[in-house]
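*Asks:* According to TrEMBL, the feature domain 'ABC transmembrane type-1' maps to B:71-262. The transmembrane segment annotation in TrEMBL covers B:7-32, B:70-94, B:106-127, B:133-155, B:176-204, B:241-262.
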Amino acid sequence: MTVTTTTPTTRRPSPPGRRRPRVSGRNVLGAMLSMPALALFALFAIYPGLRVFYLSLFDYSLTSPPEFVGLDNFTFLAGDPRFHEALLHSLVYTVGTYLPALALALVLAVALSRRMRGAGWVRLLYFLPVATSWVAISVVWRLVLHPDGLLNQTFGLDVDWLTSSAAATWALVIMGIWKETGFFLILYLAGLSRLPGEVYEAAQMDGAGAWQSFWRITFPLLKPITAICSVMGVIRGLQAFSPQVVLTDGAFGTEVVNLFVYKTAFENARMGRASAVAVFMFLVLIAVTMLQLRAFRREDG
Amino acid sequence: MTVRSRLVGWALFLVVAAGGIAFAAVLAYAVVSALKPPGEVLSVPLRWWPSQVDWHNFALPFLETPFARYYTNSVFVGVVVTLLNVLTCTLAGYSFSKFSYPGRNVAFVIVLATLMVPLEVIYVPLYSLVYDLGWVNSFAGLIVPAGTSAFGIFLMRQSIDAVPDELLEAARLDGAGVLVSLGRIVVPLVRGPMAALALFIFMMNWDSHLWPLLVASDDEHRTLPVGLAAMQANNLGAAGVPMMMAAAVLAMAPTVLLFLSLQRRFVEGVAMSAGIR
């Protein structure tokens with residue numbers, strides 16, 4: 001009784017009054033701890049992120065001052081066949097690589113999530129390409145894709161993988177699937193391990209009924225993961241650069257959007273036009289992310 | 001479980017295991033090709049094992065190209081960028097998690113928003129900025145813009161959120177300052193996420209190609225991806241294949257070995273970077 005009646009009168013006014021000045025010194029210091037990171041962000045992420053919109057309205061070549069040209073860069077791109085082709089190449093590469101990689105990762109995750117002797121080792125084999133770097137692995141795949149290389153000889157093929165327009169895109173797609181499946185396998189396995197126990201067991205069911213339990217239980221439950229994976233697939237697809245540079249240098253129908261930006265900015269010194277493409281890429285990324293997240297949410301509900 | 005379903009399970013596992021071996025075969029092919037005499041790398045029919053193991057190929061990149069320089073640069077830049085990220089992200093995560101001040105939440109949301117904007121969208125103005133700073137062909141241009149990461153700040157804030165406020169309050173009453181509390185209480189409790197972040201950043205940086213290609217294209221500052229791509233462009237013939245395979249294997253070795261020894265942390269890091277877990 002005494003406690004409840006005395007505390008309000010003695011304590012209630014004091015905490016706000018007494019605490020604030022004493023703690024705020026700490027909070028000022030605490031706020032300052034975020035400064036190194038925020039300064040780096042402001043200078044190297046936010047400023048260029050805003051400036052890319054500004055530069056997209058200018059004719060600019062690094063060495064000469066920017067000259068305002070309004071929407072000229074965008075109207076030029078709208079009529080530029082090379083840009084249209086780059087968009088198409090990126091689309092084909094992204095869908096061709098990431099759709100199979102995601103599907104394969106999902107199937108592998110379900111097959112490898114069961115507690116079976118050896119499953120850990122098999123996972124490891126699929127994870128290994130994720131730990132390699134794109135340039136190093138492109139050097140390796142240059143040999144794999146050689147007319148007398150591993151791929152042709154193993155499957156008895158006679159394809160000029162890297163020196164024909166018919167095959168180069170698919171060569172990069174095959175390599176991309178090999179490199180990226182493990183990444184999405186990691187994500188799906190993480191997603192599976194989060195599912196509640198009974199569902200997890202149902203997901204691992206063998207034999208008869210496995211197909212139905214996959215489509216009725218596992219796949220719907222993994223939809224949030226699939227949404228994340230497909231957004232990341234689109235982003236990673238649009239970021240593609242190293243294999244296109246190392247294996248074909250953009251020839252034979254492999255000049256993807258990112259390589260087009262690079263060449264426009266640094267080989268043709270058209271920084272403004274390159275910025276306009278970057279703005280376009282940014283809008284595509286946002287649109288695709290929104291669409292995918294919404295589509296998966298709606299199906300969920 | 002019925003006999004039939006068990007058989008189906010085993011058959012599925014065998015198919016998946018065979019696929020895994022096929023995936024790994026590409027890497028094995030790189031290693032054995034690095035050990036072959038030049039005449040055998042593209043022999044028809046394919047022979048897996050060389051007639052004589054030629055270790056000399058592993059010396060060639062060092063003898064005939066500035067490979068050692070590229071390698072040292074990559075290690076140096078990778079280590080500094082990793083330390084810088086762990087430092088800035090831990091400080092920012094601690095700040096966002098355990099202190100209250102005006103603008104804190106806005107700043108955190110802006111940091112998260114930058115996750116949506118990949119380097120590929122901003123590198124033209126970023127290059128122009130680094131050019132104006134006079135950092136082209138310098139280590140500063142390679143390191144400073146990569147000095148923090150939105151994912152790292154997010155990860156460290158989440159992890160430090162789990163550190164009980166009571167512990168920090170007790171330390172404060174004992175007279176511990178802001179930085180002492182961070183070093184004595186917070187850091188020991190978030191070592192796991194810090195290690196996962198370090199591993200993740202180092203591997204990302206080791207793979208980084210586009211940005212180093214722009215800001216460090218001279219031999220003195222080239223990192224491995226840029227140097228390796230240049231070496232490849234100079235060695236397109238069959239004679240250069242064993243040397244290039246040796247160089248590629250050496251370039252992959254650190255991250256593959258890191259992955260093999262820290263597999264669980266790596267897998268956690270990848271899953272966390274996608275927002276799973």
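Even glycines carry a Cβ here, placed using N, Cα and C.
Note that this is a predicted model, so its numbers are computed, not measured.
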*Asks:* Same chain only, please: residues at least 6 beyond the ends of the transmembrane segment (B:241-262) with a C-beta under 8 Å from a C-beta of the stretch. Say none if there are none.
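*Replies:* Residues packing against the transmembrane segment (B:241-262) from afar: 27, 30-31, 33-38, 41-42, 54, 57-58, 60-61, 64-65, 67, 71, 75, 195, 199, 202-203, 206-207, 224-225, 228, 231-232, 235.
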*Asks:* Could you pull out which residues elsewhere in the chain have a CB under 8 Å from any CB of the transmembrane segment (B:106-127), counting only those six or more residues past its ends?
*Replies:* 92, 96, 145, 150-151, 153-154, 157, 210-211, 214-215
*Asks:* Determine which residues of the chain contact the transmembrane segment (B:176-204) at the Cβ level, with the cut-off under 8 Å and only residues 6 or more beyond its ends counted.
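*Replies:* Long-range Cβ neighbours of the transmembrane segment (B:176-204): 78-79, 81-82, 85-86, 89-91, 94, 98, 149, 151-152, 155-156, 158-160, 162-163, 167-168, 255, 258-259, 262, 265-266, 268-270, 272-273.
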